[in-house]
Amino acid sequence: MGFGNWVQERLPISGESIRELTNEPVPNHLKRWWFVLGGTPAYLFMVQIVTGILLAFYYQPAPDTAYESIRYITEEASYGWYIRSLHKWAATLMVATVILHQMRVYFTGAYRKPRELNWMFGMLLLISTLTLGFTGYSLVYEQLSYWGATVGANIASLVPGIGDFMKTALLGGEVYNSRTLSRFYILHAAVLPVVMILLIAGHIAMIRIQGVTEFQFEDEPEDKPKTFNFWPDHVMTELMLGLFLMILLTVLATIAPADMGHKANPLVTPEIIKPEWFFYPMFRWLKLMSGTAAIISTGFIVFLMFIWPFVDALIRSKTRFKEASVYIGIFTVLVIVALTVWEAVAPH
Ligand code: HEM
């Protein structure tokens, strides 16, 4: 009895059933580059898992050891600088591509019935991605890691009702202390990645069940087949994308490798405390008004984003502004870009 039969007897899965599972026809517009943006954060997330595990072999999450362990990774461990730089650049690109993917879904109206729930899954993915970024930067134990975490915890404390609890839970005490780093680490390296894996699995399962939204573009002839095969055609596109990203990440890691800032000093508040670029709009917004007003308005905006598919359905059914979402979207993007640039150029 051959090895193939031996396996077949124990795992009776036929080539036919695998083909059926993987070979879903996908609409032609998925050949356009902005429709493959969803696969990009998924790919970058895998890069994060692999490089994150390698970094975890060396990283020591305590105030006395964290900075030194990262210095060791960057300056002494073999290819440590490369793995760390890949991790840092893939994080940046992941945030950027999640935002671009969300914009493509928004501006093509692909969140509309029956995909409202998947949009909400997407919002949870966006929040988890940003939180991964925030917790990650805090691990380095540089000045900005320390003060960024302190400012972040103070912002959390402004949430009405549960603010103080959130701050204490995050810091493991009233202020940043020797227990804080392990909290950030367990969130960054265990809790959030597991949450992300579950959310991505749910997101993709829903896409498989519902199929992606079908669009007909004017430059596509009507008589041509409207779909192509997921396997191997679409998988090839995604693999090409993966290869391109790997080259891009390597180039970025080589020309702008992750470096070391000044070690955290709890006694010296830096003159300028700025978060990573993807928190610029929120940070500037928070500076524009009093703490509680800023938190409540931010919470309201996030809530509105969550339920947007239902608000949009209401606008479309009750008013004649069928394309209101496009104008609201353009306005929102402009405001976000303006707040980002403002925060980037403002000295304080
Ligand atoms: C880690 C983050 C994410 C991953 C890995 C991901 C992955 C994907 C993939 C692979 C697709 C298939 C079509 C495409 O590639 O465009 C897709 C579609 C979709 N995504 Fe995401 N996504 C993420 C975040 C988000 C966010 C932040 C939102 C919105 C808030 C969102 C909402 C949707 C919706 C509604 C669809 C269906 C689109 C359609 O039917 O055409 N996703 N996502």
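Glycine is no exception: its Cβ is also placed from the backbone N, Cα and C atoms.
The annotation domain 'Cytochrome b/b6 N-terminal region profile' is assigned in TrEMBL to 3-216.
Residues annotated as domain 'Cytochrome b/b6 C-terminal region profile' in TrEMBL: 220-348.
The feature transmembrane segment is assigned by TrEMBL to 33-59 (among others).
What TrEMBL lists as transmembrane segment is 89-107 (among others).
The transmembrane segment annotation in TrEMBL covers 119-140 (among others).
Sequence-remote contacts of a segment are chain residues at least 6 beyond its ends whose Cβ falls under 8 Å from one of its Cβ atoms, and for the transmembrane segment (184-207) they are 42, 45, 48-49, 52, 56, 59, 61, 115, 117-118, 121-122, 124-125, 128-129, 131-132, 135-136, 138-139, 149, 170. The transmembrane segment feature in TrEMBL is assigned to 184-207 (among others).
Residues or ranges marked as transmembrane segment in TrEMBL: 239-258 (among others). Counting only same-chain residues 6+ beyond the ends of the transmembrane segment (239-258), those with a CB under 8 A from a CB of the stretch are 36, 39-40, 43-44, 47, 74, 81-82, 84-90, 93.
Per TrEMBL, the feature transmembrane segment maps to 288-311 (among others).
Residues or ranges marked as transmembrane segment by TrEMBL: 326-345 (among others).
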For the transmembrane segment (89-107), distant same-chain residues with Cβ under 8 A (at least six beyond the ends): 34-35, 37-38, 40-41, 44-45, 47-48, 51, 119, 122, 125-126, 129-130, 132-133, 136, 245, 248-249, 252-253, 256, 277-278, 325-326, 329, 333
Residue numbers, six or more beyond the limits of the transmembrane segment (288-311), whose CB comes under 8 Å of its CB atoms: 111-113, 115-116, 119-120, 123, 127, 155, 158-160, 163, 282
Residue counts (helix, strand, coil, in that order) that DSSP gives for the domain 'Cytochrome b/b6 C-terminal region profile' (220-348): 87 helix, 4 strand, 38 coil
